[in-house]
Structure formats: C-alpha cells, structure tokens
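Visitor: The following feature annotations were taken from TrEMBL:
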| type | residues | note |
| --- | --- | --- |
| DOMAIN | 4-63 | domain 'Sushi' |
| DISULFID | CYS34-CYS61 | disulfide bond |
| DOMAIN | 64-122 | domain 'Sushi' |
| DISULFID | CYS93-CYS120 | disulfide bond |
| DOMAIN | 123-182 | domain 'Sushi' |
| DISULFID | CYS153-CYS180 | disulfide bond |
| DOMAIN | 183-242 | domain 'Sushi' |
| DISULFID | CYS213-CYS240 | disulfide bond |
| DOMAIN | 252-301 | domain 'Sushi' |
| DISULFID | CYS272-CYS299 | disulfide bond |
| DOMAIN | 363-421 | domain 'Sushi' |
| DISULFID | CYS392-CYS419 | disulfide bond |
| DOMAIN | 422-481 | domain 'Sushi' |
| DISULFID | CYS452-CYS479 | disulfide bond |
| DOMAIN | 488-547 | domain 'Sushi' |
| DISULFID | CYS518-CYS545 | disulfide bond |
| DOMAIN | 548-606 | domain 'Sushi' |
| DISULFID | CYS578-CYS605 | disulfide bond |
Amino acid sequence: ISAIQCPVLSAPANGVRSPTTGSNFYTNTIAFTCNAGYQLTGTSPLTCQADGTWSNTVPTCTRKQCPALTPPANGALSTAGPYFYPNQVTFSCNSGYQRNGVSPVTCQADGTWSNPVPTCTPVQCPALIAPTYGALNPPAGPYVYQNQVTVTCNSGYQLNGVSSLTCQADGTWSNNVPTCEPRQCPVLNAPTNGARTPPTGSNLYQNQVTFTCNAGYDLDGVSPVTCQADGIWSNPVPVCRPRCPALTAPTNGARTPPTGQNSYQDVIRFTCNSGYIRNGAFDTTCQADGTWSNPVPTCERKIILSHHTTTLSLLRSPVTRDTYETALQLRRVKLTDHGATLLQHAYYLESIRYQFYFIISARPCQALTAPTNGALSPAAPHNYPVTVTFTCNTGYVRNGDQTTTCQADGTWSNHSPTCTLGQCSALAAPTNGARTPPTGATSYGNTVTFTCNSGYVRNGTATATCKSDGTWSNPIPTCTRKTILSSRQCPTLAAPTNGALSPPGPAYSYPSTVIVTCNSGYQLNGVSPVTCQADGTWSNPVGTCRPGQCSALTAPINGSRMPPTGANSYGNTVTFTCNPGYVRNGAATSTCQADGTWTYPVPTCK
C-alpha cells in the first residue's frame, strides 16, 4: 500500500510556505505567509486530504493599501490614490503658505502612513513699528500673508512714503514703513523795514516766527505767528508802518490826546480856546505813508462888530430943507463863526429914528454817511441846527463822539466816529494746561479752547467766547491733578496667547507695573513691562507671543530640503533628501526646538 500524495504546492508570489518543501502526503499541512507590505488573501494552512486533494486553493499575497489622503488646506499632494506599499506622496503649499510637517510620507508595510498629512499655514511677515508721530492699523501683529496694514500720521504731520503695506507671499512687506514728517508752512519773509526771528527757516508745524520793526516804524499786525497743523500760518506777515511826525497843538488851542498818538491810523483832534475859532480840519489821521491826512488848523480870534451911536444927524430932503433933531440908534449885531452872511440891509426914516434890519441865512452841512459797521440818525437832511446821533452794530465799539451838530457856518461840531471790532481782555492759559490759539483771539466772536496737561483734569468750561460787551462768556478753568484711584485705575489686561502676565491681575491701579512673558518656544512682539499711568491708561499695549525662530537651514550639497526655504519657526520640521546616486549621511529630518536650536544638523550627501 502506497501513501496518498497531494500535488506539490509552491509559495505564492511575494510570500512563503512552511515548510518550504515537501509535506504533500495525506494529513500533511502547509502554512502560507506574505512578505512585509503584503497581505494574505485566501485560506492558510491547507491540509492534504484522503482523496489526494488540498483542502483549499493556494492563497495569494496582495500589496497592502494605505488610507486615502486629502490635500492640506491651501496646499496640494503629488499623486492621487489609491496608495499601496511602498508608495510615497509629496506635499506642497500654495504661494504665501508654508508647510508644517513632513513631506514626503510613505505607505508602510503595516498599511499606515509614515507621518500625518502636514498643514499649510500663512507665511508670517516681520513685526512693524509705528513711525514716530504716527500709528499702525491694525496696531500690532502677528501679520501673515495678504494682511494689510495702514499707516497714518498725527495731526500736523504728513506721510512720506506709501500708506498701505501688504504682507507678501515670500514673507516680506510690499514697502518700507513710511515716516511722518512735520507739515511745512510757506517760507515767510521779513516785513519791509523790519526783521524776523529766527531770520530763516522755522516753517515746520508748531514753529513760531517773531517780527519786529526798525526804529521809526510800528508793527501793524500779529506777532509771533505759528505754523498750524493744516500748513497755514496763524496770521499773515505784519506790516511795518512809518510813524508820522509829532504834532503840536495850534496856538490858542489844544490837541487830543495832548501827546504821542503818531502811529498808523492814529487820530488827533483839535479844539480852540474860548474866543477863538478853528480855521482848518477838526482832526487828522496818520496815514500808511507816514503823512497826516490834514495839516494842523489855526485858531483865530472871533470878529465882533463895533457898536456905534450918534445923537444928532442932519437930513436933507429933496423937497424941503428942514433941520430935524434926530436920535440915531444902531442895534449891536454879533456874527458868530463864519456862517452868518449879511445879504442886504434896509433903513427907513420914521420921524427921527433909523432902524436897520439884517437878514442872516445859514449854510447847509455836508451830508454824513453811517460809519462802517454802524448807523446814524437822522439819515437826512443835515441842515443847521440838526444833531446827528451815531450807533455801532453789536460787537463793535465807537471811537469818537456819539453826536455831532450842524453849525451855522455849514461845518459839523464833531468828526464822525468809527466803529471797530470790540476787544476782550487777554486770557492766559490755566496753570498746568494750555489754550488754543496760544495767543491773541481777543476780538468779538473769537473763541479760546482750554486743555489740561496729562494727569490733570479741567474744572470749568472748555471754551470762552468774546462777547459784544467786551467780556468773556466763561472764566478761565482750572487744571487740578487727577485723583488716583486705589484700584481698577487701568483697564483689565489679558495675557497674550502662549504668554503670561506678572502679577496676573486682573485689577491694576496707578502706578502698577506688569511684566509680559512668553511660553517656552515663543518670543515677545511688543514692550515689557507696561505701566498703569496717572491718566488711567497703559503706557503700551500688551504685545503678542509669536513662535521662536531657529537659524535658517540650507540644503546639503548634492541634495535638497523641503520646504526649500523658511520653516524655521518653533515646531517646524525640515526634511532632507539626496540627489540620485548619493546617499544621506545623517538624520532625514530636523525640527526647530523651543530654545531656538535644531534637533539635528544638516546631513551630508555622499
């Protein structure tokens, strides 16, 4: 009797059988296994049966399959699935993004991937510092790819450069941070017959220029003038007006005021002593060219008609010759000023008495016009002996007499007055404060604004306006030191992400100081410490904690690195590969550690 044999079985492709040979007799068993990276499909072991057949067919070994991969957000993968052992997949990130993780990944023998799918995070640009006298919006980072930052300048300063900066795909800014430079006002020249201090320049925001006039000239205008935030001077350049020659009072008369008053637009009025009459203008004005508008008048004695009487007069009649005793009387007549004119005289013989009649008429006065910013009443007619009254509009002050009367000689008793803008007394800035504008602004309708220095609070109204009666609408306020609260003086602070505050708060009062620190592997982007100030604000905003940076790694000679650039922030990993025909000597990956060093040096390719 011979033993029952089954057909000889071979090992499956990419697999082995155990035992490797023989074992094909009745009741023998053969077990099958697959090589690494392959999995068995079928039955194992197989038994040689009594009928000379195997209990099942030889199984097969098929490659193990790894799970499907999806590309990272803002990135892509090199090949689509399915993926089998030992396939490799490489990952890349879109422009402006950097890979965080390992690439390539390998489908391993156990059907798992060698590393997780990496992520693509936006490239980060360096922190920005606001320009002096300017600000950033948003004020602090971190700033990543496609973020935009707008730069503005404080009032009185203008931007020199591009106002909008964009974080670019390569981690650099589209432009340099601009600067904020003081606004410039037009260059001012010294007035004719005068000088300016300083003699040149000084035309930037808040600069002041002071003007003076040479000897014999008076300043007509405001000094000093200030370059304002809008690039315009607070007042025009003043004019140096020549002084007029000194005038003396006329003989037998007087001048008002008795001395001085010989600057541009000054007015001197003249009067004559009792018994004298003025021959010339009532007043004279100092003109822009340094001459007077009228000469000094003279004062002449008034003319009084003589008083004549007679007791006997012989009258001869054409018809009869008779002698009459006569008593001739002549009424005394006084002519005043120059307005009385003798038009005719008549005499009548009544018995022995003569009577003389004098008819006197008065000349009309020159028509008057209302002063600028004023009125007169009555408007017309202006005949002897009408009296005209002058008034000024609200906010204006009369300079001169309120009334004038038309005299018999056709002249006015007083000169027409002028109406000038009312003035209030000068206001000083409050102690520990300031006023805007810093000087002047004392005319009717002008408003002065008051502010207090840092750490002080205003007690009173912020503005005062010059009223029509020459008084201010409000008194100057006072600036008192702010009361320092014992707690919750400054707003609550929150620790930055990946950072901490010391002390931790949350309540801080003046003059608390808080130290801002970042966790291991992170660096502070901002100022530390920050201080709670007297005005209840923080000296600086709380900064941010951004990942620490390692030194840049270069690809090995005859090799490459992924990603090709960047990826040197805390936690980033760089993978190294060698060109075909070269073997890597060293670690395939290196990771940026919290202390700013890499886990492994760059390998070599030999």
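Keep in mind that glycine also has a Cβ here, set from the backbone N, Cα and C atoms.
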Visitor: Within 10 angstroms of the C-beta of CYS120 (disulfide bond), what count of other C-beta atoms is obtained when all protein chains are considered?
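Guide: For CYS120 (disulfide bond), the count of other Cβ atoms within 10 Å is 22.
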Visitor: Give the residue counts of the domain 'Sushi' (123-182) per reduced DSSP state, in the order helix, strand, coil.
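Guide: Secondary-structure composition of the domain 'Sushi' (123-182): 0 helix, 27 strand, 33 coil.
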Visitor: Have a look at the disulfide-bonded residues CYS93, CYS213, CYS452 and say which one has the shortest Cα distance to CYS518 (disulfide bond).
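Guide: Comparing Cα positions, the closest of these disulfide-bonded residues turns out to be CYS93.
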Visitor: Rank aside, I only need the closest one: which of the disulfide-bonded residues CYS61, CYS180, CYS299, CYS392, CYS419 has its C-alpha nearest to that of CYS452 (disulfide bond)?
Guide: CYS180
Visitor: When the domain 'Sushi' (488-547) is classified with DSSP, how many of its residues are helical, how many are strand and how many are coil?
Guide: 0 helix, 24 strand, 36 coil
Visitor: Would you kindly give the Cα-Cα distance separating CYS272 (disulfide bond) and CYS93 (disulfide bond), rounded to the nearest Å?
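Guide: With distance taken Cα to Cα, CYS272 (disulfide bond) is 104 Å from CYS93 (disulfide bond).
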Visitor: For CYS272 (disulfide bond), list the number of other Cβ atoms lying within 10 Å of its Cβ atom.
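Guide: Taking all protein chains shown, CYS272 (disulfide bond) has 21 Cβ neighbours within 10 Å.
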Visitor: Please tell me which one of the disulfide-bonded residues listed here (CYS120, CYS272, CYS299, CYS479, CYS605) sits closest to CYS545 (disulfide bond), measuring Cα to Cα?
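Guide: If we rank CYS120, CYS272, CYS299, CYS479, CYS605 by Cα distance to CYS545 (disulfide bond), first place goes to CYS120.
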Visitor: With pairs closer than 6 in sequence left out, are the domain 'Sushi' (488-547) and the domain 'Sushi' (64-122) joined by 3 or more CB pairs under 8 Å?
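Guide: Contact between the domain 'Sushi' (488-547) and the domain 'Sushi' (64-122): absent, because fewer than 3 Cβ pairs are under 8 Å.
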Visitor: Taking every residue in the domain 'Sushi' (252-301), what is their average pLDDT?
Guide: 90
Visitor: Give the residue counts of the domain 'Sushi' (422-481) per reduced DSSP state, in the order helix, strand, coil.
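Guide: When I sort the residues of the domain 'Sushi' (422-481) into the three classes, I find 0 helix, 25 strand, 35 coil.
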Visitor: I'd like the number of other C-beta atoms within 10 A of the C-beta of CYS93 (disulfide bond), please.
Guide: 25
Visitor: Using Cα-Cα distances with a 10 Å cut-off, which of the disulfide-bonded residues CYS61, CYS392, CYS605 are near CYS240 (disulfide bond)?
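Guide: Correct set: empty; none qualify.
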Visitor: Helix, strand or coil: which one is CYS605 (disulfide bond) in, per DSSP?
Guide: strand
Visitor: From the disulfide-bonded residues CYS34, CYS153, CYS180, CYS272, pick the residue whose C-alpha lies nearest to the C-alpha of CYS479 (disulfide bond).
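Guide: Its closest listed neighbour, by Cα, is CYS153.
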Visitor: What is the separation, in Å, between the Cα atoms of CYS120 (disulfide bond) and CYS419 (disulfide bond)?
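Guide: With the alpha carbons as reference points, the distance is 79 Å.
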Visitor: What are the sequence-distant neighbours of CYS213 (disulfide bond), meaning same chain, six or more residues apart, C-beta distance under 8 angstroms?
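Guide: Correct list: PRO191, ASN193, GLY194, LEU219, CYS240.
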